[in-house]
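Chemist: Take a look at what TrEMBL says about it:
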- B:20-436: domain 'DUF112' (DOMAIN)
- B:7-33: transmembrane segment (TRANSMEM)
- B:45-68: transmembrane segment (TRANSMEM)
- B:80-98: transmembrane segment (TRANSMEM)
- B:118-140: transmembrane segment (TRANSMEM)
- B:147-163: transmembrane segment (TRANSMEM)
- B:169-188: transmembrane segment (TRANSMEM)
- B:200-220: transmembrane segment (TRANSMEM)
- B:256-277: transmembrane segment (TRANSMEM)
- B:316-340: transmembrane segment (TRANSMEM)
- B:352-375: transmembrane segment (TRANSMEM)
- B:387-405: transmembrane segment (TRANSMEM)
- B:466-484: transmembrane segment (TRANSMEM)
Amino acid sequence: MKAKMPITLLAAGLLGATGMSSAWADYPERPVTMIVAYSAGGGTDVAARTLAPYIEEHLGQSITVLNKPGAGGEIGFTALAQAEPDGYTFGFINIPNLLAIPIQRDARYAMDDIDPVAQIVYDAGALSVRSDSEIDSLEELVAEAKENPGAVTYGTTGIGSDDHLAVLSFERKAGIKLRHIPFPGAADLRAATLGGHITMASMNMSESVDDMEAGNLRILGQMAKERWENASEVPTFQEQGYDVVMGSHRGIGVPAGLSEEVFATLSSAVEKAVADPEFQEKSLQQGLPIAYQGPAEFEAQLEVLNEELMQLWNDEPWAQTN
Amino acid sequence: MDILNHIMAALPLIFSLEVIIAMILGTAVGITVGALPGLSATMGIAVLIPLTFTMEPLVALGMVAGIYNGAMYGGSIPAILLRIPGTPAGIATVFDGYPMAQKGQAPLALKVSLASSAIGSAVSAVALLLLAPPLAAIALKFGPADYFWLALFGMTTIAVLLSNNPAKGLLSTCLGLVVGMVGIDAMTGAERFTFGSMDLLSGINIIVLLTGLFAIPPAIDLAVKRLSEQKEAPIDKKEDRIRWKPFIPVWIKSSIMGVVIGIIPALGGNVAAVLAWNEQRRSDPDNDQYGKGEPKGVAAPECANNADTAATLIPALTLGIPGSAVAAVILGALLVHGLRPGPQLFRDDPEIVFGFMLTMFVTAILMFVIGRFGARAFVHVLKAPTTLLAPMIICLAVVGIYSIHNSMFEVWLMLFFGLLGYGMERLDIPTAPAVLAVILGPMAEESLRRALLISGGSFDYLVKSWISWIIIAMIAMTLIVPLWKRLRRLQPSRGDQE
């Protein structure tokens, strides 16, 4: 392997020099690396490793998953942004983290350094209360918050997480103020909510739905355009009169500057992999809300979201800067 | 009765050839991973998960159970032989285990550690099997205020470690507290002590600090005085027979502590081990011997950190709330096999859940068997030429640290802490308080701030729950009882007491 590398590089250089771009049709001719910006064994990693074999199948090359966790994803995203744009490195990207990091601090990558290839998962945000709570709908929540400003506490998986940003957006649209209690992760947040230590949890649908089915939590609303098929009884925020669509998107991105052919090969392999019935079945088992979007559609959505986040930050920065 | 039926149904499943091989393999791998500095159960299991994609769920989970149990015990081996805890949970084992080895009682210490670990694991597995649903309720009772007091209770252990030279001990504690503050502040999002470095944003990993402070200084020591005068510790063969009877109360108490701490999310085997050692020392009338090679001081933490293993899975399996990094990774492994942790797991796939819980029990026994054979070999580490041992330790530490996050930065950081640790040792500054402060400091800070956020700044919230009061009482007992005893005796006896 090691010995082969320079030869490949040399060949690539020669081809590049002579302008024989058609030779790129051979892509991929060696194993491809997939960067995951979160720890092995976590939610994103499991999703990535579940999908990887299907991309392998349609790409015709093996994929090495490389975990580069840390700094809320920034380390992995930076590694992706700085990788050679040759199609041999792509990565899992998590939205809104990818967008929020450069907004809230001097990040080592910029949004323009990464091109989106596909959205794989959209896990809508949701607000849930314990099932013995008196709050039954968003309307009652808003009424309660207006009556006792600052008395309603909500937990999230941290400052600047999708859960946090979603509530900030909801607060603005509903004209209310809630008290934020950040937790280090979804597990601690669930424990605190189920134990009644906080009023409400802002968690993704996939993290809340099992507790709803078991009768432990009541989901007040889901932040999606349409109801998720696994929880079709939960109304969306828009249905209840609040235009909040936010959640956690997981998709695939590449370093900017890929040649068109390579980009097309990769994105069609990803599309086929997601459509693979076997993958669909596996993700259903794992409770992953699959929502495929192609490059153009995904990019357009990211731009809208980026606008919204920038506005949110300008009005009310969600993190302390120093 | 329902539970017994499920257990009977799952029993034949785990005695298939594949599952047994997986458990044996997992346990052996676990002991090895635990024993190597820098490698931990979390990593071992995380690396394994992709390999289990194609396996039957129980084969994969049997292996996971073996790794988890094995690694908790494995951590004590280098702790005893080389004063290098293989995992953070092994740190309390160093206190008495290494002095025992220096006295030539290494085989005895290993034996005590193995028996205590196996018993802890077995008790924990039984608690998981029989009591999971009722015990899970305890996990939810713990609020931020209770966590705060618990962290303070853990901190009293530091006070005990300060005994010989409080000024130097506090210096080390402060180092730990500062290191624990590095990174993005979870409550406000502000960056603290990151010096504009991206690598410091998520804080300093406890394993990086632990490996640096504990693995590198002994390695430097070994390399510096390679003609080891005192290193060739005599290995006492006579003391092969020990009376286990005095250990029984230690095991009972430590197992209970381990199980309870395991159930509480966010506390892991490291906290269990430290608290159990402290409690054992406090309650033993002959407590001067602790820290100088008291076998019960090895039994307590090893029993407690293994009793933590299956107990951590109680909230993880029943509520889907992983109480530790290992439990989170195990949930990932379940997910890969289409098993979604939480209330519905017991309803939908009882034979696999109960099978998994049974493998936790069986691997506890396997660990004892494998450990017995292994112990003979482990002791020879002491006879290995130090010129070989020193570079080996450093290599393993480097590889282990790199593999956590594939980060070279953390390797340099670990080596930096290694030099710092070596300097601290030369100056007689204890390193254990620093590690404990890194584990407990951020927990105390975050839970206090979270509690005050919830209460809107009112301090009453801190003393509202009965759990808080119980822990406060325990803190008072730990701090006041020794003082009171000393006042009553009114005789300034040997110099180094608390």
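In case you wondered, yes, glycine gets a Cβ from its N, Cα and C as well.
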Chemist: Are there at least 3 C-beta pairs under 8 angstroms linking the transmembrane segment (B:387-405) and the transmembrane segment (B:256-277), leaving out pairs fewer than 6 apart in sequence?
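Modeler: With fewer than 3 qualifying Cβ pairs, these stretches do not touch.
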Chemist: List, by number or range, the same-chain residues at least 6 past the transmembrane segment (B:466-484) whose CB is under 8 A from its CB atoms?
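Modeler: Tertiary neighbours of the transmembrane segment (B:466-484) are 141-143, 145-146, 149-150, 152-153, 156, 159, 278, 282, 497-498.
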Chemist: With CB pairs under 8 Å as the measure, which of the listed stretches B:7-33, B:147-163, B:352-375 comes out on top against the transmembrane segment (B:169-188)?
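Modeler: Answer, by Cβ pair count: B:147-163.
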Chemist: In the same chain, who gets a Cβ under 8 Å from the transmembrane segment (B:316-340) while lying at least 6 residues past its ends?
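Modeler: Distant contacts of the transmembrane segment (B:316-340): 40-42, 45-46, 48-49, 52-53, 57, 60-61, 64, 68, 128, 132-133, 136, 139-140, 262-269, 346, 349, 352-353, 356-357.
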Chemist: Residues of the same chain, at least six outside the transmembrane segment (B:118-140), with any C-beta under 8 angstroms of its C-beta?
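Modeler: Distant contacts of the transmembrane segment (B:118-140): 3, 7, 69, 72-73, 251, 254-255, 258-260, 262-265, 302-311, 313-315, 317-319, 321, 323, 346, 354, 357-358, 360-361, 363-365, 367-368, 371.
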Chemist: Given the model, what does the mean pLDDT over the domain 'DUF112' (B:20-436) come out as?
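Modeler: The answer is 85, the mean pLDDT of the model over that range.
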Chemist: Under an 8 Å Cβ to Cβ limit, what residues of the same chain, 6 or more beyond the ends of the transmembrane segment (B:352-375), are close to it?
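Modeler: For the transmembrane segment (B:352-375), the sequence-distant neighbours (Cβ-Cβ under 8 Å, at least 6 residues beyond its ends) are 3, 6-7, 9-11, 13-14, 19, 23-24, 26-28, 30-31, 57-58, 61-62, 65-66, 68-70, 73, 107, 110-111, 114-115, 117-118, 121-122, 124-126, 128-129, 132, 306, 309-310, 313, 317, 339, 345-346.
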Chemist: Which bits of the chain, at least 6 residues beyond where the transmembrane segment (B:200-220) starts or stops, bring a Cβ under 8 A of a Cβ in it?
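Modeler: Contacts with the transmembrane segment (B:200-220): 37-38, 40, 82-85, 87-88, 91, 94, 179-180, 182-184, 191, 193-194, 270, 389-391, 393-394, 396-397, 400-401, 404-405, 410, 413-422, 424-425, 431, 434-435, 438-439, 442.
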Chemist: Below 8 angstroms Cβ to Cβ, which residues of this chain, lying six or more residues outside the transmembrane segment (B:45-68), approach it?
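Modeler: Same-chain residues near the transmembrane segment (B:45-68) but 6 or more away: 13-14, 16, 18-20, 22-30, 33, 309, 326, 329-330, 332-334, 336-337, 339, 352, 355-356, 359-360, 362-363, 366-367, 403.
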